[in-house]
Amino acid sequence: MAPNLHIKKAFMAMRAMGIEDARVKPVLKNLLALYEKNWELIAEDNYRVLADAIFDSHEDQAIQESEEKKADEVKEDEGCAAEVDRGKKKLHESIEDDEDVMAESDRPLKRLRRRGEGGSALASPSLGSPTLEGPSINDEENAPILLPYHPVPIENDHDAGELILTKVEPITNMPLSSIPDSVDRGDSSMLEIDKSNGHVEEKAGETVSTADGTTNDISPTTVARFSDHKLAATIEEPPALELASSASGEVKINLSFAPATGGSNPHLPSMEELRRAMEEKCLRSYKILDPNFSVLGFMNDICSCYLDLATNGRDSANQLPKNLPFVTTNIDALKKSAARMAYTSQASNDVVEICSNEHMRDAENGAVGDSMALVVVPECQLSADEWRLISSVGDISLGKETVEIPWVNEVNDKVPPVFHYIAQSLVYQDAAVKFSLGNIRDDQCCSSCCGDCLAPSMACRCATAFNGFAYTVDGLLQEDFLEQCISEARDPRKQMLLYCKECPLEKAKKEVILEPCKGHLKRKAIKECWSKCGCMKNCGNRVVQQGIHNKLQVFFTPNGRGWGLRTLEKLPKGAFVCELAGEILTIPELFQRISDRPTSPVILDAYWGSEDISGDDKALSLEGTHYGNISRFINHRCLDANLIEIPVHAETTDSHYYHLAFFTTREIDAMEELTWDYGVPFNQDVFPTSPFHCQCGSDFCRVRKQISKGKNVKKRA
């Protein structure tokens, strides 16, 4: 910092105390020479050393003038004639006494230094030194000053120069800049000083005390410095509310409230009301929700952390700043800021300011710093859906899955689209999905099984009815079964297409001429034990029914593909991830919805063509735009996706409805995005799926192949 700026700050600090620049300049020069221009020592405690030096010099000057005056009078007395009669001598002695009294008045009205006290005593800079030439106090300023009338203990000498009217434990050596504006009521007596004549009178019933019941003496000059020859009013404020503290009470966070001028008596909220309001504020404004989050717990952690830093600060001085911060509410700063109206309009918009324990002094150059800016966050008006979405940060399933599935956005400030989470698919309206025990034959279930059907000792009918189990004892897909499913999905040579006589998709278009069916891919399916089976819920043949058990996370992709799903742990090959859940729509219902807004449905056509799909209520699809689960966030990847969808029968033997479960096609590392092939050909015949531009980045991307084929055709032409 430039020296001229230090000098400017010193003059400004002295002006605030009522000291003229002419008195400051010579003393400041002497201090700079004495401290070898070390501004850090001079600027400490709001230039306290400079103020003391100014008053000491003024006091010495007054004493010196008084002594010189007395010496002159003594010389005059010695030169008087010896023959002066007794009457003249008495008159001369009375005049000498009067002059002594008048000389004593030349000393500045200042707190006298006690024996053994150092030269750093603090005096008032605002009260001048009255002289015999004229009055030093205007007649208009004759309001009384209230002062305590009791002695100061000798052991408090180190605090004698500080005006501390309230005690906030455990702070000591409070600087002048942080002196409270108000004083509490106590039991000590008050003195009234009439400024017009300096007379002191005791007023009964008015007291000044500290927070712990002890009293501190305050000199008239100290009070006069802060009152500037005006009435020092004692304002009674409500007691501070203790918000939090450390375990043993060394560190505390207190909250005080100063109502606006002229306002009615406010209702001071209780701790429970404040806690509920702040937790709701955190949910609405800061978009954080953790079941274990507590505002009071957070503040207690602040106190504990502050205590740890304060007690261990010496050992880690090179790592931590010298001035450790503490948290306090600054009502005065709010009144002076532009946020005053916002604060007074709603009491819940309290603002917490971080300030320094050493009155925000810059650690490097010793300059007095400014307090940090206050920010008032406006309260957001959220809809029910937005509130539900913000509440799902820790678990987007809202507890409907067996594990928590958080969501995170590390790219921008977007949030996931609003939807209703469902763990299993639900019928929208007309879909013929009926689960009944009467439709399950005895040879289609294992009612005689108990425990785990995958145990070697079990002779399960479900295994014989569907050519063995699809799962291993570890809950993974059989290697051979998984490879067959992957080959059917990726290798056109091994794909088998089934054709309908009257395709429900073509019928739903309601065109004059019905176009022929374009074919439906036949898929292998998994048959799990169901309600009529006698095995347990944790049977090895109930993998999909047991739900999600891996750690997954919804995240915003950095490559421009929007939201995606990734795993937080390593997944083996053949592991179940989740099922595709959504609204079960008939094809006519789906086409009606497509006409209103674009959708991305999945057609349940694994058995179309092999069986007669009679009736529109049996041609079904899944649509997860408004009702769905985490599968709606899985992005597309051509051909080499790490997930594959497989039909799973779990409630009924009817082939027109089944679950669509996702399994891993290979080993997947932690934090890797999960993808599956939508099966979209990316041409004009993608109906009813909404068209989109493929951004999978795969080496086998079908869009790249179409572009390369088009280039080859142009070259041949």
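Just so it is clear, glycine is given a Cβ too, placed from its N, Cα and C backbone atoms.
Checking the candidates Cys462, Cys517 against Swiss-Prot: the one annotated together with Cys445, Cys529, Cys533 at the Zn(2+) 2 site is Cys462. Together with Arg561, Gly562, Trp563, Asn635, His636, the S-adenosyl-L-methionine site in Swiss-Prot holds one more listed residue from Tyr471, Tyr499, Tyr607, Tyr678, which is Tyr678.
Here the Cβ of Cys445 (Zn(2+) 1 binding site) has 22 other Cβ atoms within 10 Å, regardless of which shown protein chain they belong to. Fewest Cβ neighbours within 10 Å among the binding-site residues Cys449, Cys453, Cys529, Cys535, Cys539: this applies to Cys449. Proximity to Cys535 (Zn(2+) 3 binding site), judged by a C-alpha distance within 10 Å, picks out Cys446, Cys449, Cys453 from the binding-site residues Cys446, Cys449, Cys453, Trp563, Asn635, His636. Applying an 8 A CB threshold to same-chain residues 6+ apart, the list for Trp563 (S-adenosyl-L-methionine binding site) reads Pro416, Pro417, Val554, Phe555, Phe556, Thr557, Phe633. Cys539 (Zn(2+) 3 binding site) has Cys453 nearby among the binding-site residues Cys445, Cys446, Cys453, Gly562, Tyr678, counting only those with a Cα within 10 angstroms of its own Cα. The number of other Cβ atoms within 10 Å of the Cβ belonging to Asn635 (S-adenosyl-L-methionine binding site), over all protein chains shown, comes to 19.
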